[in-house]
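A short write-up of the structure that comes next.
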Amino acid sequence: MPIMPDTWIREMATTKGMIEPFTEAQKREGVISYGLSSYGYDARVADEFKIFTNVDNAIVDPKQFDATSFVDRKTDVCIIPANSFALARTVEYFRIPRDVLVICLGKSTYARCGLIVNVTPLEPEWEGHVTLEISNTTPLPAKVYANEGLCQFLFLKGEGTCEVSYADRAGKYMRQRGVTLPRL
């Protein structure tokens, strides 16, 4: 399962709409970098955040998730409380080819500050804004900057085409827009 280079990512983004909007070269000056890299794409976090709060002493249950556990914020700088997390989304909308699986890793700039980004793999033929889970593992509040780089996506091309894609299964997160909470 080879990792795909910048030339392939650029071609797929510009001719097939795999990443929209697509930033051709890495933007770095005065911001946390984003855009095309050698073997990946550094995505930006949008200015929409759902910040976890436990004012009602709730129990987190993925089968019966209570949306009131979050406070919605539209802001250029999100403050994530100590030992808490926030949900966000990418600025970019992704359309994954049928023979590709995409994995996501957090950027080292944030990891070195105790912020961890978690995203499940983007499956073949999935499309949408990527919902990002950002964990603040520190005992202090932490900042996340909207419209700057947060994570890097790596594109792995399969040796063949999968028999059943995410679209074929009519996956529950297909074509998601905005920050999407857990669904059953």
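Start at 1 and count along the chain as shown; that gives each residue its number.
The backbone N, Cα and C atoms fix where each Cβ goes, glycine too.
Keep in mind the model is a prediction, meaning the values are calculated, not measured.
The feature active site, proton donor/acceptor is assigned by Swiss-Prot to Glu133. As annotated by Swiss-Prot, dCTP binding site applies to Lys107, Ser108, Thr109, Tyr110, Ala111, Arg112, Thr131, Leu132, Glu133, Gln152, Tyr166, Gln176, with the evidence given as sequence analysis.
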Among Thr109, Thr131, which are binding-site residues, the residue with the most C-beta atoms within 10 angstroms of its C-beta: Thr131
Local Cβ density at Lys107 (dCTP binding site) - other Cβ atoms counted within 10 Å: 19
Rounded Cα-Cα span from Glu133 (active site, proton donor/acceptor) to Ala111 (dCTP binding site), Å: 13
Residues satisfying Cβ distance under 8 Å from the residue listed as 'active site, proton donor/acceptor', sequence separation of at least 6: Phe85, Ala86, Leu87, Val117, Asn118, Val119
Cβ neighbours of Ala111 (dCTP binding site) where a neighbour is any other Cβ within 10 Å: 13
Helix, strand or coil at Thr109 (dCTP binding site) [DSSP, three-state]: helix
DSSP-derived class (H/G/I helix, E/B strand, else coil) of Tyr166 (dCTP binding site): coil
Pairwise Cα distance maximum in Å, dCTP-binding residues per record: Lys107, Ser108, Thr109, Tyr110, Ala111, Arg112, Thr131, Leu132, Glu133, Gln152, Tyr166, Gln176: 34
Cβ packing number for Tyr166 (dCTP binding site), 10 Å threshold: 20
